[in-house]
Amino acid sequence: MADVGRGGSDQWPKWQTALLVGTPVALGLAGLWYYTRRKPGDEKSKRDKPEKGEDSTTTEGTTSKVQSPSDNVKAQQKSTSRPDVDLNPLEKAQAAKNKGNKYFKAAKYDQAIKCYTEAIRICPPENKQEIATFYQNRAAAYEQLKNYDQVIADCTEALKYNNKYVKALFRRAKACEITGRLMQCLEDVTAVCILESFQNHQSLYMADRVLKDIGKAKAKEALMNRQPVKPSPQFIRTYYSSFMHDPLNQYLNLTSQASEMEGGIEHSKTELTKASEKNQDEISEKEQDESMEKSMKGEEVKLSPYRQAVDCFENHDYDDIVQLCSMEINLSNSSYLPEALLLRATFYLLRGEGNKAMEDFDRLLELNDVDKRIKSNALIKRGSLQMQNGQTDAALADFQQAIDIDPENSDIYHHRGQLYLLTERIEDAVTDFEKSLELSPHFAVAQVQKCYTDYRLAFHRHSPLQLQNAISAFQKTIEKFPDCAEGYALYGQALCDQQMFDKAENNFMKSIELEPDNGNTYVHRGLLRLQWKQDIDEATKLINKAIEVDDKCEFAYETLATIEIQRGNLDKAIELFNKAISLAKTEVEMAHLYSLRDAAITQSNVAKTLDITIPNMAASFME
């Protein structure tokens with residue numbers, strides 16, 4: 001599957017970046033570091049210190065320890081031995097609460113609510129912790145009655161008296177999730193995670209779940225109104241370089257130019273030339289017929305809109321390609337309808353207009369008498385789009401249909417191999433890459449992808465011997481295809497993972513030398529510097545260089561944003577996430593970025609509410 005976000009090489013950051021610049025839950029990026037690095041005695045003393053007024057007997061599913069101050073215990077003891085007339089207001093309030101607790105345990109929630117209401121009414125206003133407890137207990141009773149609006153209202157009142165009250169925060173978070181108030185839910189559960197030092201799995205999983213739900217909803221809405229993203233020339237070149245048999249390359253008869261696009265790939269010239277000659281013959285026949293017909297009518301002969309689009313592609317002039325393809329498609333007697341649909345769909349895909357791309361792919365695949373190579377290419381691209389949208393089964397069905405139509409097309413196995421790699425079906429990926437190379441043994445991109453997959457399989461199996469063999473095979477492949485930039489980039493990632501940092505650096509630099517406008521490689525090199533030298537300034541400099549050479553490198557903005565979170569620069573991180581979101585190509589990708597951004601925003605809001613200073617995360621790398 002051609003990667004339209006990382007140039008075919010994005011597995012490593014997804015696989016390793018969390019170890020370098022993040023934690024499994026996005027909102028923990030700064031908070032987790034802060035709380036786990038505090039002096040052990042600080043947090044222990046806070047957890048062991050009872051929180052005034054809290055009583056757990058009326059709260060189910062709580063996330064904090066039972067904490068009852070000694071003065072309240074004394075008040076309760078007094079209340080059992082003294083008549084009500086002798087009790088002071090606080091003691092009367094405690095007695096009402098205790099009575100409510102008994103009703104709660106007996107599942108008499110309406111009576112419990114009356115008792116808690118009485119406790120709130122008579123409690124002296126200076127006893128804020130106790131009042132907070134009474135509101136929280138009443139919220140627990142309302143929760144049992146599924147009166148979630150009142151749960152939220154009472155928890156809100158409790159938090160006015162104690163803004164770090166974990167039980168009230170978590171109970172309100174649950175009620176907000178049920179009622180669809182997801183942003184408030186996220187803010188509350190983030191506060192819970194911070195106050196509990198990120199130790200409670202229930203709150204962590206809830207935060208992760210809510211972040212994903214928010215991200216999906218925002219991405220769906222944003223995609224409906226977004227403008228297409230003009231892809232960079234490098235982005236287009238890298239995408240097409242992942243195909244050995246794309247019909248467009250064959251129409252252009254680009255044996256030598258395609259080799260350049262694919263990093264010095266020595267194609268099987270017999271295969272490509274035969275296919276190209278065949279297609280050129282077909283094109284010539286069509287154009288001769290058109291020219292003869294127009295000459296007989298005395299009309300000026302000019303290229304069809306589709307052929308003009310192909311010329312634009314050859315000249316790296318991409319702006320008018322979609323419009324020219326549309327003109328061709330709208331012709332009543334187009335000679336290039338399948339080709340125009342395929343080219344337009346591909347550029348819709350590259351511009352992040354997935355729905356339009358899907359419509360064109362569907363229309364093309366419904367046509368009769370379409371060349372099998374065009375049809376299989378459309379199925380590969382539609383399958384890749386299905387995968388990017390999280391529809392794995394539909395994607396695999398498209399790849400299988402492509403095999404049924406065109407079993408000798410090595411691109412099918414190459415791209416399905418990448419799909420398997422992304423879904424951790426590594427052995428299946430190896431099998432597909434082997435089949436791809438059996439059909440096209442001189443396709444360098446597939447060769448290096450196969451090496452990387454062998455490495456991943458060895459890593460997965462914890463086999464030192466297989467790891468050594470995979471690294472050795474990588475080296476031989478690089479020597480065989482010395483002009484393949486992607487080979488050096490993937491080899492560098494494997495070497496970095498093995499902590500062979502010097503060699504990894506050399507390979508990244510060689511990849512950049514061959515393809516200086518590929519921003520992704522600068523990002524990988526920046527991450528290497530972060531892991532190797534703990535040099536966050538140099539890492540940031542390299543990632544900014546990625547943006548300089550390709551200002552549409554979404555990977556760079558996302559990675560920089562993550563680093564800025566660690567530095568404590570949340571406003572800057574949010575700005576960078578917004579830029580990455582504007583460049584995202586698919587709904588899944590955009591949802592992920594929205595989740596990261598909203599985690600940063602929420603963390604900032606919670607830090608202000610709880611009066612917590614976000615630390616300088618960069619310092620942690622130096623200690």
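All residue numbers here begin at 1 and follow the chain in the order shown.
Note: Cβ is positioned from N, Cα and C throughout, glycine not excepted.
The region 'Disordered' annotation in TrEMBL covers 38-88, 260-300. Under the heading compositional bias 'Basic and acidic residues', TrEMBL lists 39-55, 264-300. For 56-65, the entry in TrEMBL reads compositional bias 'Low complexity'. Annotation source TrEMBL lists compositional bias 'Polar residues' at 66-82. Under the heading repeat 'TPR', TrEMBL lists 93-126, 338-371, 376-409, 410-443, 485-518, 554-587.
Secondary structure of the repeat 'TPR' (338-371) per DSSP (helix as H, G, I; strand as E, B; remaining residues coil): 26 helix, 0 strand, 8 coil. Remote same-chain residues near the repeat 'TPR' (338-371) are listed as 4, 223, 226, 228-231, 235-236, 239, 247-248, 251, 305-306, 309-310, 313, 318, 321-322, 325-326, 328-329, 377-379, 381-382, 385, 388-389, 583-587 (criterion: CB distance under 8 Å, separation of at least six residues from the stretch ends). Secondary structure of the repeat 'TPR' (410-443) per DSSP (helix as H, G, I; strand as E, B; remaining residues coil): 27 helix, 0 strand, 7 coil.
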